[in-house]
């Protein structure tokens, strides 16, 4: 790596960046990511609510699978429209819109008199989830500076995990209510934070990068001076953003692009440059593989997994799922501390190694339990299966979970970011829906142990994909990342390898100097 490139990788957002973390930027990213708590809460609370919905509404396994997965199908609608909407009205208003949509869905689910109304409410909430999953990391990535970008763009994932944990806790305590009120209260509670967030988010600043794209450079500079530590840094970042957006240097008031993001899909999918094509493969690929590791099966169906592992009573099962939520939240916090120090690639690949080992152990433990006499599973197999669940959640949460969102949000050029992120979320939701709606059918066809062996094998494929197609982005300014993808894997390997002329050889002794 050349000297100039090395300097850029150590700080591309301008002078003065290295120093204290800007607290205002962190606060904005946290508030923008809170929308993700709602999505996590829905996933966590539904895992327990399904136990009571089945009993109250007399639903079968097929209906429950549809109920679990329909949210992700409807999230496609939200995610595919959210990018265009955010290019049109801005990142901040898109977060508010997501909260309003989720509010409507939560109210419908909380008041549902029958399965049909419950399904409609979950569909509405799904649209809000699609918006939230797309906009939260995009807003964070456009507010943050390079050296803390990985941490801040991982915040949506920790908020999802925190939401899942809150959902598990709600399951445990609200299970004591009468059956007819219990699951409705669980699902309806999501309306309260949605209402607060829909209004509260309006106090946040708009993304400076979106403002520049609208020709509002002076407003963007005001925001940048709040999220940067020095005025010089703000000026440098504004110049970089304007350059990346294609504005002529020195242009005082560039004309805003017409149509709110028109032509972006054509540029990405019909006439992509080699760099954009590689970015699409990397950004969409990490979303494709995230759920093929089996996380949705473990989170949504953890009560069934614990039951298969020999945990019998409902209270024990719900308590065990709370422990899963705690583990997930703790290890994502570890990831946030490490992602900007260790880098994306080492953390992601180490995470996949842990996933492969834990999925294989879970498959082995559940297979032994399943083939044992009823209620007489080998104690070691029960312990192995339960430990493997927690190990898997920890491994996923320290790498694959948060880095998927951080990486896929930061690699796009500014002009493509919102709509590119939309397509990524759409793929993420398709994979999520595919796993959540077919897991019960899958494990009945190939056994529950076999299902987790399959997930372990798919994680091996994910290792090969990330190793070859996803270069490191740590420490680079957003406006420089497209350059990283301008070279293929072989070219990057050649550049990293020291050339023969640059290798220092030991000095040859001078024979004349010998005594």
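Yeah, the Cβs are placed from backbone N, Cα and C, and that goes for glycine too.
According to TrEMBL, the protein carries these features:
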type	residues	note
DOMAIN	28-474	domain 'Major facilitator superfamily (MFS) profile'
REGION	492-515	region 'Disordered'
TRANSMEM	24-44	transmembrane segment
TRANSMEM	64-83	transmembrane segment
TRANSMEM	95-113	transmembrane segment
TRANSMEM	119-140	transmembrane segment
TRANSMEM	152-175	transmembrane segment
TRANSMEM	181-204	transmembrane segment
TRANSMEM	317-339	transmembrane segment
TRANSMEM	351-369	transmembrane segment
TRANSMEM	381-407	transmembrane segment
TRANSMEM	445-469	transmembrane segment
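Below 8 A, the CB atoms of the transmembrane segment (181-204) and the transmembrane segment (64-83) form no more than two pairs separated by six or more positions in the chain, fewer than 3 in all. Model confidence over the domain 'Major facilitator superfamily (MFS) profile' (28-474) stands at 83, taken as the mean pLDDT rounded to a whole number. Most Cβ pairs under 8 A with the transmembrane segment (24-44) among the ranges 119-140, 152-175, 381-407 are made by 152-175.
Between the transmembrane segment (64-83) and the stretches 119-140, 152-175, 351-369, 381-407, 445-469, Cβ pairs under 8 Å are most numerous for 119-140. When each of the listed stretches 119-140, 351-369, 381-407, 445-469 is scored by C-beta pairs under 8 angstroms to the transmembrane segment (152-175), 381-407 comes out highest. Long-range contacts of the transmembrane segment (381-407) within the same chain, counting only residues at least 6 positions beyond its ends with a Cβ under 8 Å from a Cβ of the stretch, are 137, 141, 149-150, 153-154, 156-158, 161, 282-283, 286-287, 289-290, 293-295, 298, 302, 305-306, 308-311, 320, 323-324, 327-332, 334-336, 338-339, 344, 347-355, 357-359, 361-362, 364-366, 368-369, 372, 428, 462, 470, 473. Cβ atoms under 8 Å from those of the transmembrane segment (445-469) belong to residues 278, 281-282, 285-286, 289, 292-294, 297, 305, 308, 345, 348-349, 352-353, 355-356, 359-360, 362-368, 370, 400, 439, 489 of the same chain, restricted to positions at least 6 beyond its ends.
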